[in-house]
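S.K.: Below: one structure in structure tokens.
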Amino acid sequence: MTVKVTKDETPGGKPESVTGDLVLETKGVTLRFGGVTSLDSVELRMLRGEILAVIGPNGAGKTSLFNSLTGAYVPQEGKITFRSGKGGEHSLLGCKPHVVSLLGVARTFQNIRLFGALTALENVKIAAETRLKAGPVSIMLGLPRARKAERESDLKAHEMLSYVGLDSKMNELGGSLSYGDQRRLEIARALATDPEVLLLDEPAAGTNPTEKRELEELIRRINTERGVSVLLIEHDMRLVMSVADRVMVLNFGRKIAEGAPEQVQRDPAVVEAYLGVAPQEEPAAEGQE
Amino acid sequence: MSSGITKTASGGPASTARLRGVAWYQHPRWSRLTAMVAIAVVLTMVTGEQGTDRDIFFALREDFTGPLPWIWLGLCLLVWTVREFWSEPIRKVRRASVAKSDPPVAWVRGQWRGDRRIRQLVLAALVAVAAFAPMGLERYWHQVLVDQIAIYVLLAIGLNVVIGWAGMLDLGFVAFFAIGAYSAAFWTGALPVDPPFELNNFLVIPVAVLTCLIAGLILGAPTLRLRGDYLAIVTLGFHEIVYITAKNVEDFTGGARGVSGVEHFSIDMGFSYEWKLDPLPYYWLLLGFIVLLVFLFMRLEHSRVGRAWTAIREDQVAAAATGVNTVRFKLMAFAIGASTSGIAGVAYASKVGYFNPENFPLLASVLVLAYVIFGGMGSIPGVLFGAAFLVWLPEVLRDYVDPRDRYMYLGALLVIMMIYRPQGVWPSKRRQRELKMATEGTVDGDATAAPAGGKVS
Ligand SMILES: Nc1ncnc2c1ncn2[C@@H]1O[C@H](COP(=O)(O)OP(=O)(O)OP(=O)(O)O)[C@@H](O)[C@H]1O
Ligand SMILES: [Mg+2]
């Protein structure tokens, strides 16, 4: 199905019109924690196959948005709709996190959450196995289908690890990998669930320039080769500007701008949100947490 | 939760300790020294004079004025010194010998890892030893082996699934043992109420497993969402309910008087055989159960199920976000543990023939838990050893100390063990790594901490 979003529908008065197949859409999502409103009627429209960046100052509500999309938080108001490429419309609001993952929305975490005592391979296998069917009885009895599932998950995990370039470290513990490798392992784990939408929460935070370049290339590859729509939170403006198709800006839980990277960069509201720092230079304190 | 605090890659315990500015006296070496001194004191008391009721300081005076404490202290200090200061040279020598062409250690290890058939052969040999070695023992030890060691080992491998693998603190584990025992009594017609038809004890096992599974699901489904301590309290309550029910519903369970005349195991298929009062055949039967369950559970540990359990234990939020159905896997662990406990219950009831609610005290749950932790949570060989050793220990202490004091020494051993070696005698690799990371502070514990506010599913 194709949903047209014309410019008058898009808040923030974007000059460009967003047309295409919406994969993820939120309407009026509002999330409060006691007195704090972390998300205030957030409207998100994500096209299938695009790389959409979510930027904003610290505490703007970016991670809260991710948590709401993946079922970790349940917003008090609003609608979250996921339109699967396989057909079918699903409401993600209040969905259990594992159901969201099964539907095809995978994520990584801002504060890396790997299974530290398991090897890189095992970390990815866990994700791959959530798509396979082999119950405890067939495993205990060593039935062929249990063995087949084990082989399949092994294959998948190897494939994903080499995809992100970690195949040489597959037997190292998740917790002992370098920072950049941990981030990539998280991406491999997310990819092993064959997602349609991948949510990356500050994947470049704490990585060095080389790792950043590799990451940029990896995100592009995931997007073009695997056809995964990517929603990206990132403080590194250089990365955002070079990789994102569109950018959405949050401030105090509200969407203040949306559009092509160059336009957003020039938007006065965005400049103000970033405390008057000239957008042509380094607009945000990079990777600051 | 969204604190943004990020983990750093670990650089070994020594380096992290140095980075944190830990003072020399905070080195684990000194706590281990204290532990060794404590062990020396306990050994002195176990091997020395025993106390009398009239003079409570009698034994202390006798034991600690003679040469005995010095002997033990010397031995323990020797062990400590070798371990702390000479372990590096020893390791170096060993490594050098391993590096040389095909020394025995490396060869054995290579064989063990490389060839599946050799592994199977060795395990079969171990089972054979376990089966035939007791034939040389006295009848008293046969009884201990069956009524206590084998039963507790069964319970421990069941509880290991729940706490060691899935990481759920279950303090009501023995309730399922009781349910298994009463199922056996019911289906063999030993209860005041008559069953619709009587079953052979072997057929009671699947029925009891099913009963425990259902009981486990009924208890688990609404409560497994709870975390850590809360689940412990819920299971504690469940144990109390089962215990009091068994005690007070006299028309059904026989009440505090208990149940008698539970039938023995028997086979009647072409040939017939009945397990009677002789403990050895029972021992072999239970050994069979244990071997079978260990075999099945070992497959689980390194399968997707075992991995999912580890993921849930380490970081429930990440596991759920990765697509692991956390409730389903926890329920699975709970049900598998409960049914193992049920099997142990059937075996126990059929062996002793007579039991009452006092056979299922809360203490039994706590003891099984202690055995699992002592042996090494999550490790099957560890748990087998832990249960067997700690059940055996009080029995053998009978010959050395006042029988009433036996559990005191067991308690002392547990205290020392938890200080000195919290991971257990034979820990699982995964658990050991987790513990190491936790003490180094490279794992944040927020998987178990609820976020500061808001609705979180
Ligand atoms: N579990 C929670 N409990 C209470 N308040 C929360 C919770 N999660 C988020 N918040 C609040 O919501 C607001 C948005 O936080 P969020 O983590 O979404 O910001 P962010 O845009 O991801 O910031 P950063 O760039 O620092 O990661 C903050 O004011 C934060 O304190
Ligand atoms: Mg954030």
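Numbers here mean position along the shown chain, with the first residue as 1.
Glycine too: its Cβ is placed from the backbone N, Cα and C atoms.
Curation plays no part in TrEMBL annotations; they are all automatic predictions.
So TrEMBL lists the following for this protein:
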TRANSMEM  B:30-48  transmembrane segment
TRANSMEM  B:68-86  transmembrane segment
TRANSMEM  B:118-137  transmembrane segment
TRANSMEM  B:149-166  transmembrane segment
TRANSMEM  B:173-190  transmembrane segment
TRANSMEM  B:202-221  transmembrane segment
TRANSMEM  B:282-300  transmembrane segment
TRANSMEM  B:331-350  transmembrane segment
TRANSMEM  B:362-394  transmembrane segment
TRANSMEM  B:406-423  transmembrane segment
REGION    B:438-457  region 'Disordered'
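For each feature listed, report its degree of burial, its nearest neighbours and the pertinent distances within the displayed model.
M.R.: Within the chain carrying the transmembrane segment (B:30-48), a Cβ under 8 angstroms from the stretch's Cβ atoms is held by residues 59, 62-64, 66, 68-69, 72-73, 75-77, 79-80, 83-84, 397, 400-401, 409, 412-413, 415-416, 419-420, all 6 or more beyond its ends.
Long-range neighbours of the transmembrane segment (B:68-86) within the same chain, counting only residues 6 or more positions beyond its ends whose Cβ lies under 8 Å from a Cβ of the stretch, are 29, 32-33, 36-37, 39-41, 43-44, 47-48.
Counting residues 6+ beyond its ends, the transmembrane segment (B:118-137) has Cβ neighbours under 8 Å at 111-112, 145, 280, 283-284, 287, 291 in the same chain.
Long-range contacts of the transmembrane segment (B:202-221) within its own chain (CB-CB distance under 8 A, at least 6 residues past either end) are made by residues 172, 175-176, 179-180, 183-184, 187-188, 234-235, 238, 265, 267, 330-331, 334-335, 337-339, 341-343, 345-346, 350.
Residues of the same chain lying 6 or more positions beyond the ends of the transmembrane segment (B:282-300) and with a Cβ under 8 Å from any Cβ of it are 127, 130-131, 134, 142, 145-146, 150-151, 153-154, 157-158, 160-161, 165, 265, 275, 306, 336, 340, 343, 347, 351, 380, 384.
Counting only same-chain residues 6+ beyond the ends of the transmembrane segment (B:331-350), those with a CB under 8 A from a CB of the stretch are 147, 150-151, 154-155, 157-159, 161-162, 165-166, 168, 170, 173-174, 176-185, 188, 201, 204-205, 208-209, 211-213, 215-217, 219-221, 224, 259, 262-265, 275, 285-286, 289, 293, 297, 300, 305, 309, 359.
Remote same-chain partners of the transmembrane segment (B:362-394), defined as residues 6 or more beyond its termini with a Cβ less than 8 Å from a stretch Cβ, comprise 144, 148-149, 152-153, 155-157, 159-160, 163-165, 170-175, 177, 236, 239-240, 243, 290, 294, 297-298, 301, 406-407, 409-410, 413-414, 417-418, 423-428, 430-431.
Within its own chain, the transmembrane segment (B:406-423) is flanked in space by residues 31-32, 34-36, 38-39, 42, 45-46, 370, 373-374, 376-377, 390, 393-394, 397-398, 431-432, 435, which lie at least six positions past its ends and keep a Cβ under 8 Å from the stretch.
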S.K.: Who are the chain neighbours of the transmembrane segment (B:173-190) in space, where the CB to CB distance is under 8 Å and they lie at least 6 residues beyond its ends?
M.R.: 155, 158-159, 162, 198-199, 201, 203-204, 207-208, 211-212, 215-216, 235, 238-239, 241-243, 246, 253-254, 259-263, 337-339, 341-346, 348-350, 355, 357, 359-362, 364-365, 368-369
